[in-house]
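Heads up: the structure comes next, in C-alpha cells.
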Amino acid sequence: MRAQPTASHFVDGAYLEDEAGTPIDNVFAATGEVIARVHAATPAVIEAAMASAVRAQRVWAATSPAERGRVLRRAADIIRARNEELSALETLDTAKPIQETLVADAASGADALEWFGTLAPGLHGESVPLGGDFAYTVREPLGVCVGIGAWNYPTQIACWKAAPALACGNAMVFKPSELTPLCALKVAEIFIEAGAPTGLFNVVQGMGEAGAALATHPATAKVSLTGSVPTGAKVYASAAAGMRHVTMELGGKSPLLVFDDADLEDAVGGAMLGNFYSAGQICSNCTRVFVQAGIKARFLDRLVERTRAIRLGDPTDPATHMGPLVSYAQRDKVMNYIDIGRREGARIAIGGRAPQGEAFEKGAFVEPTVFDGVTDAMTIAREEIFGPVLSLLTFETEEEAVERANATPYGLAAGVFTRDLARGHRVAAALQAGIAWINTYNLTPVEEPFGGVKASGVGRENGRAAVEFYSQLKTVHVGMGRVESPY
Ligand code: NAD
C-alpha cells in the first residue's frame with residue numbers, strides 16, 4: 001500500500017522537495033506499513049513558503065470578495081466530487097475507518113469552504129454617523145496566517161482554518177501534524193484547481209520545530225493551532241512576544257451529564273459517539289460521563305451491550321466501526337492510562353485490552369473500553385487520554401453534578417441528556433465549556449462556532465464568530481468641519 005505524494009511540500013502552486021530535511025515516515029497504524037515518506041521543511045522551504053504567501057496575500061486582498069467566495073465554493077465542489085478518493089487517503093493517513101471518513105472529513109471541509117465562500121462577499125465594515133463628522137470601518141485581513149494541525153482530522157482541520165482565513169483575504173501556510181502529512185497536500189492542490197492564486201495556501205511538513213519556525217516568522221500575522229494544551233501554551237507565548245493574533249483549539253476532558261429522566265437509548269448513543277468515534281481521538285469527547293444514580297444500572301447495561309457490538313478491525317473495510325489509533329505510541333499511551341485506571345481502583349465494565357487475533361496483530365488497536373466506579377480524583381477522570389476510554393461516574397443532584405463537571409482546568413465541550421427542558425438549558429448555562437450539547441453530542445456543523453474556554457483554548461472556529469479571529473477593523477474618521485485647535 002503506497003500513498004507517496006509527488007513531493008513533501010506544496011509551495012507557490014506546486015509540489016516542492018528538499019531532501020535535506022529530516023525524513024518523516026507515514027506509518028499506516030492498522031498494519032505497520034510505511035505508506036509514504038516526507039521530509040521536514042528546511043529553513044529554505046519555510047522561507048519560500050512564507051515569501052510566496054506574502055505575495056499571494058497582496059493579490060488576494062485586492063481581489064473582490066465575491067471572487068474570493070467563488071474560489072472557495074469551487075474548492076468545496078471539487079472536494080465533494082472527489083470525496084471517495086480523499087476519504088480513502090484520509091483513512092490511510094489517520095487509520096480512521098472509511099465508514100467515518102466518507103461522511104465526516106472531506107465532507108466537513110467542503111462545508112466550511114462553501115459556507116465561508118458564501119459569507120465572503122458580505123464581510124465588510126459599517127458607517128458610523130457622528131453628527132457632522134462620520135467614521136467608517138473597513139474589515140481588513142490580518143496578512144499571512146499560519147495554521148498548525150493535529151493528526152485526528154487532517155483534512156477538516158486544514159479546511160476549517162483555511163476557509164475563514166481566505167474568506168477574509170488572508171493567505172495561509174499550513175503545517176500538518178507529522179503523523180498525518182498527506183491530506184493537506186490535496187487541499188492545497190484543490191485550491192489551485194479552484195483558481196486561487198499560487199501561494200495562497202501553502203503546505204510545509206515538519207515536527208514541532210517547523211511549527212515554531214512558522215509561528216515566529218516575521219511575516220506571520222496570526223497563528224491558529226489545533227493541538228494539545230502544552231503545545232498551545234508554547235505557541236501562545238511565542239505569539240505574544242510578537243504581538244500576533246491566535247486561535248488555540250486545544251484539548252479537553254469534557255463532561256456529559258445524564259439525568260434520570262433522559263431517553264436512555266439516546267443518552268447511551270451520545271456517550272458512545274462522544275467516546276468511540278474516531279477511536280476516541282476527538283478533542284471534544286465526553287470522556288467523563290456522569291450518570292444520575294436512578295438510571296445508572298440500566299445505563300451501564302445498555303452501554304456495555306451496545307459497546308460489545310462495535311466492530312473493530314481493518315479501517316479500509318466499509319463494515320468496520322472502529323480502527324486502530326493513529327500510531328503505536330498513541331496506543332501505548334492509551335494502554336498505560338487503562339493500567340493506571342485499573343490500579344487506581346476503577347472497574348473495567350468492558351474492553352481494556354489490545355484485541356487479540358491475527359487481524360489485530362500488527363495494528364495499534366485498543367478495545368473500546370468502559371470504566372465503571374470512576375471517582376473525580378482518579379487520573380483517568382482528570383487527564384486527556386485521547387483514545388476509546390469512557391469513564392462512568394455517578395451523581396445524585398444537579399448541583400453536585402455541575403460542580404464536579406466544572407472542576408477541571410479544561411473547558412472545551414459539555415453535554416446534558418434530560419427530558420426536562422428547563423433543566424437542559426439551566427445545566428448548559430452552568431457548564432464551563434465553549435460548546436454544550438443538549439440531548440445530542442459532538443455535532444459540529446460549520447454554522448455554529450466551535451472552541452474552548454479555560455485551558456481548552458482561545459478564539460472560535462466556524463460560524464460568523466471565526467471572522468473576528470481572521471480579520472481586523474480599521475476605523476476611518478472623516479472630518480467634515482474646521483479643525484478646532486487650542487494652539
Ligand atoms: P500536539 O500538541 O502534539 O501537536 C499539534 C501540532 O503542533 C502538530 O502539528 C505539532 O507538530 C505542532 N507542534 C508541536 N510543538 C510545537 C511548537 N513548539 N510550536 C509549534 N508547533 C508545534 O497535538 P497532537 O498530539 O497532534 O493532537 C492531539 C491534541 O490535539 C489533543 O490534546 C487534542 O485534544 C487536541 N485537539 C484539539 C482540537 C480542537 O479543535 N480543540 C481538535 C483536535 C485535536
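Yeah, the Cβs are placed from backbone N, Cα and C, and that goes for glycine too.
Please treat TrEMBL annotations as automatic predictions, because they have not gone through curation.
Copied over from TrEMBL:
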- 18-476: domain 'Aldehyde dehydrogenase' (DOMAIN)
- Val27, Asp93: K(+) 1 binding site (BINDING)
- Gly149, Ala150, Trp151, Lys175, Pro176, Ser177, Glu178, Gly251, Cys283, Glu384: NAD(+) binding site (BINDING)
- Lys161: active site, charge relay system (ACT_SITE)
- Glu249: active site, proton acceptor (ACT_SITE)
- Glu249: active site (ACT_SITE)
- Cys283: active site, nucleophile (ACT_SITE)
- Lys454, Gly457: K(+) 2 binding site (BINDING)
- Glu461: active site, charge relay system (ACT_SITE)
Neighbour count (Cβ, 10 Å) for Gly457 (K(+) 2 binding site): 28
Cα distance (Å, whole number) from Lys161 (active site, charge relay system) to Pro176 (NAD(+) binding site): 12
DSSP state at Pro176 (NAD(+) binding site), helix/strand/coil: coil
Least Cβ-crowded entry, counting other Cβ within 10 Å, from the recorded positions listed as Lys161, Lys454: Lys454
Neighbourhood of ligand 1 - recorded positions from Val27, Asp93, Lys161, Lys454, Glu461 with Cβ under 6 Å: none
Per DSSP, three-state class assigned to Val27 (K(+) 1 binding site): strand
From Val27, Asp93, Lys454, Gly457, Glu461: recorded positions whose CA lies within 10 A of Gly149 (NAD(+) binding site): none
Integer Å distance between the CA atoms belonging to Val27 (K(+) 1 binding site) and Trp151 (NAD(+) binding site): 13
Cβ neighbours of Cys283 (NAD(+) binding site) where a neighbour is any other Cβ within 10 Å: 24
Listed recorded positions Lys161, Glu178, Glu249, filtered to Cα within 10 Å of Gly457 (K(+) 2 binding site): Glu249
Rounded Cα separation (Å) that holds between Glu178 (NAD(+) binding site) and Asp93 (K(+) 1 binding site): 10
